[in-house]
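Visitor: My questions all concern the structure below.
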Amino acid sequence: VCVVIPLFCIFLCCIAVMLQIFASHRQFLETSRYVLFAHMLINDTLHILSTVLLFLCVMGQVKFPLLFCVPLLFVSAGTFQNTTLILAAMSLERYVAIFYPLHRPAYWHSDRIWIIILPLWLISFMFPNIEFFIGKQNPTVDVLSSNMLCKATIINSSKSQGMYRFAVNVLFFAVVGVIILFTYVRILLETRKLQQDRASVSKAMNTVLLHGFQLLLCMLAFTHPISETLTVLNTNWLAEDIAFFNYFCFILMPRFLSPLIYGFRDQSLRKHIGKRFLCCSKEDKSLLKYRFRFQSSMNCLLCRS
């Protein structure tokens with residue numbers, strides 16, 4: 001708790017600053033790339049919030065009815081898959097911006113990008129629902145009165161659900177990986193043919209490469225069984241310690257780093273973030289000066305009295 005909660009609060013502060021910058025500057029709202037990135041920030045915040053709640057409930061052995069457990073599990077699974085889809089959309093947006101700068105399709109404009117974003121959310125939350133319904137429900141479990149630990153294995157315990165979940169995850173990451181690789185190679189091969197500023201093309205290549213790195217960070221969650229086996233063989237840790245180590249290193253930290261690296265890498269966004277924190281520091285200094293002057297004046301009045 002002492003490790004996860006402070007990191008989560010720091011992450012929320014950074015995300016809140018970036019979203020506030022998006023909402024207060026028109027240049028970000030009118031750019032499709034930043035609109036997609038804002039949706040990725042919201043998606044990752046929901047994912048981290050749901051996983052932190054689930055983790056704390058399991059570590060604290062908190063039991064509650066299935067009615068409140070299932071929505072948390074759905075949000076966690078849906079947002080996990082939605083991140084990969086948003087990364088693919090951001091890579092395709094860079095591809096369209098480079099190859100069709102003047103004649104890009106209408107749905108790639110910032111005012112109609114919701115036509116792409118809405119199906120991504122629907123698709124990502126559709127598969128967890130299918131996984132839930134293909135499993136066999138325990139007839140002795142009451143949705144309202146049966147208290148239990150909120151784990152994915154509680155409602156997704158059958159072999160068919162495990163195979164289905166594995167196949168969906170492999171499909172998602174394979175398709176997104178192919179899309180990111182395709183956009184990067186296409187931009188790389190067409191660099192010499194484009195009659196555009198080479199700086200913008202190189203930025204697009206670096207952005208797509210960064211999306212590939214973000215995808216690798218998301219894939220660290222699949223190393224959980226391997227890392228758990230190695231930890232059990234080489235250490236004498238308790239099961240709770242192993243669970244915390246895997247959650248912190250392979251689920252929580254990659255989700256922390258992925259949006260923050262992309263956000264602080266962007267020059268325009270980094271400039272506004274620097275100004276925001278600089279203004280906060282100046283306000284704190286001016287407030288401290290005002291308090292010091294007020295205290296000194298009060299001390300003078302007391303001395304005179």
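Even glycines carry a Cβ here, placed using N, Cα and C.
OK, TrEMBL features for this one:
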type     : residues : note
TRANSMEM : 5-23     : transmembrane segment
DOMAIN   : 14-262   : domain 'G-protein coupled receptors family 1 profile'
TRANSMEM : 35-58    : transmembrane segment
TRANSMEM : 64-92    : transmembrane segment
TRANSMEM : 113-134  : transmembrane segment
TRANSMEM : 166-189  : transmembrane segment
TRANSMEM : 201-222  : transmembrane segment
TRANSMEM : 242-264  : transmembrane segment
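Tell me what's around each of these sites.
Guide: Counting residues 6+ beyond its ends, the transmembrane segment (201-222) has Cβ neighbours under 8 Å at 80, 83-84, 87, 90-91, 94-95, 97-98, 169, 173, 176-177, 180-181, 183-184, 187-188, 191, 194, 249-251, 254-255, 257-258, 261-262, 265 in the same chain.
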Visitor: When you check the transmembrane segment (35-58) against the transmembrane segment (166-189), do you get at least 3 Cβ pairs under 8 Å, counting only pairs 6 or more apart in sequence?
Guide: no
